[in-house]
Amino acid sequence: MFDIKWIRANADAFDAALATRGAQPRSAELLALDDHRRQVIAHLNEAQETRNAASKQIGKAKAEKDDQRASALMDEVAHLKSTIQKGEAEERELEANLRQKLAELPNVPLADVPVGEDEDGNVEYFGPNSSRELAAKARPPKPEFAFAPKQHFELGEALGGMDFETAAKLSGSRFVVLKSQVARLERAIGQFMLDMHTLEHGYLEVQPPLLVRDEPLYGTGQLPKFLADQFGVLKDVTAEEQSERMWLIPTAEVPLTNLVRESILDEAELPLRFTALTPCFRSEAGSAGRDTRGMLRQHQFNKVEMVSITTPEQSTDEHERMLACAEKVLSRLGIHYRVMTLCTGDMGFGAQKTYDIEAWLPGQDTYREISSVSVCGDFQARRMDARYRPKDGKPRYVHTLNGSGTAVGRALIAVMENYQQEDGSIAIPDALQPYMGGLTAIGNS
RNA sequence: GGAGAGAUGGCCGAGUGGUCGAAGGCGCACGCCUGGAAAGUGUGUAGGCGGGGAACCGUCUCGAGGGUUCGAAUCCCUCUCUCUCCGCCA
């Protein structure tokens, strides 16, 4: 969400930023609306001032038992009542109108974000040193196979650990039933990641609600624009019409970021770092037909999420730090990956800048997104009214960041495809063995 | 699910129509006092919006949103949340 004052002062930059996201210029329209709003406020304040002064006099007169003077004063300001009421109503309406328009505008990309229309405009990122060699050295190499590697669902079904048919009977397409050692492996991956972020990276473990009201979704930017991507539930299905609606979280970013909503934090407590392992629910309404096979794109999946709340000065460094935390997961698992800086046209609604981590999937012979790490500036903070108090001075909006660390379902896919053996069994990466009771492989016993 | 009680500033807590953004206390900040500290003492201590270069001025906010009134923390309506008792329950 934008500060209308910022738009007033930076109208051209604002319109230019919208253009990089493929949107039309809006500053003229918004500023005209704001001018009108301010005019109304000025008139309203004037009328209120007159009324307040008179009311004080009336109070005084009544205290002095001077009823004549009191009623004379009352007559004098009686007509202001309707003026004020009209002004208040008009201000409310203009305010809501402006807020609604601002709420549907995407965030402005940072200056170093590549400009592009879609994912073809994304640029590979080799770390703060921009060194392809250093990055290649630090990351696990691409595995080589003496046989044709299979896709995860072929492996999973053969192991008796992935059942899409039964899931479809229960819930329709884009669900899966995991069983036996595959289910255990999925659980192990989640625990491994969560332990890493809490024990090594300084994140606070949180178990948030999975069901939230409208406001948190509005705060992080899923509402009002992306209503169709959400799963909603009714609190009382027997009273469908009057029933309160709640939302299944599409990501733990929603409850974790909103932990600080409507608060003023102390500067000394920043940055705050939260992590959670939660199921995520997405209706993905627009993407029917993409990745229909396997568990790459599901209505429900587990994900370890990281969220940081920082000062404006800290946020870009925190972004690099968070990316490093997510990369560490893949390094430790020994999975080859690359990092992409998303271009302006491919970034999410609330992001100023986003890195995607794409894991190598040998079965698909391609890289697939497994983590997305974004810095949002004060965009979400404004929507949530989340601020901090600098050592000396007025409250300022915090900056927020979020990143997957990482998607558990997709990590399962990556582990299975990268660690598959010719006989269809899956070797267990060293890092996961403690979480698998010491097993070194599944499926060959 | 049934019955009842509440929500006031960073915290506690007074205030049931009139100079109340709000007594008092605690906390915090700065000063005085002191060799230093404690104690004591003085002053200050919310946020949003509009106007102004600024000092500052105006306005709104006592859980949230509406309403009544010349005037609302105080009266009315709706909502949210908290607490107590009963029932149910992993």
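Just so it is clear, glycine is given a Cβ too, placed from its N, Cα and C backbone atoms.
Since this is a predicted model, take the numbers as computed values, not measurements.
Within A:R282, A:R382, A:R383, the residue that TrEMBL lists together with A:T251, A:A252, A:E253, A:E305, A:N402, A:S404 for binding L-serine is A:R282. Taking the Cα of A:E305 (L-serine binding site) as the reference point, the closest of the binding-site residues A:S283, A:E284, A:E369, A:S372 is A:S372. Under a cutoff of 8 A between CB atoms, and with a sequence separation of 6+ in the same chain, the neighbours of A:S372 (ATP binding site) are A:G348, A:T354, A:Y355, A:D356, A:I357, A:G403, A:S404. Note on the coiled coil (A:33-104): its mean pLDDT in the predicted model is 88. Other than the site residues A:T251, A:A252, A:E253, A:R282, A:E305, A:N402, A:S404, same-chain residues with C-beta atoms no more than 8 angstroms from the centre of those residues' C-beta atoms, the L-serine site, are A:I249, A:P250, A:V254, A:L256, A:C280, A:K303. For the binding-site residues given as A:E253, A:E284, A:E305, the lowest number of other CB atoms within 10 Å of the residue's CB is seen at A:E284. A distance of 14 Å separates the Cα atom of A:T251 (L-serine binding site) from that of A:I370 (ATP binding site). Remark: A:S283 (ATP binding site) has A:A228, A:D229, A:Q230, A:F231, A:H299 as non-local neighbours, by Cβ distance under 8 Å and separation of at least 6 in sequence.
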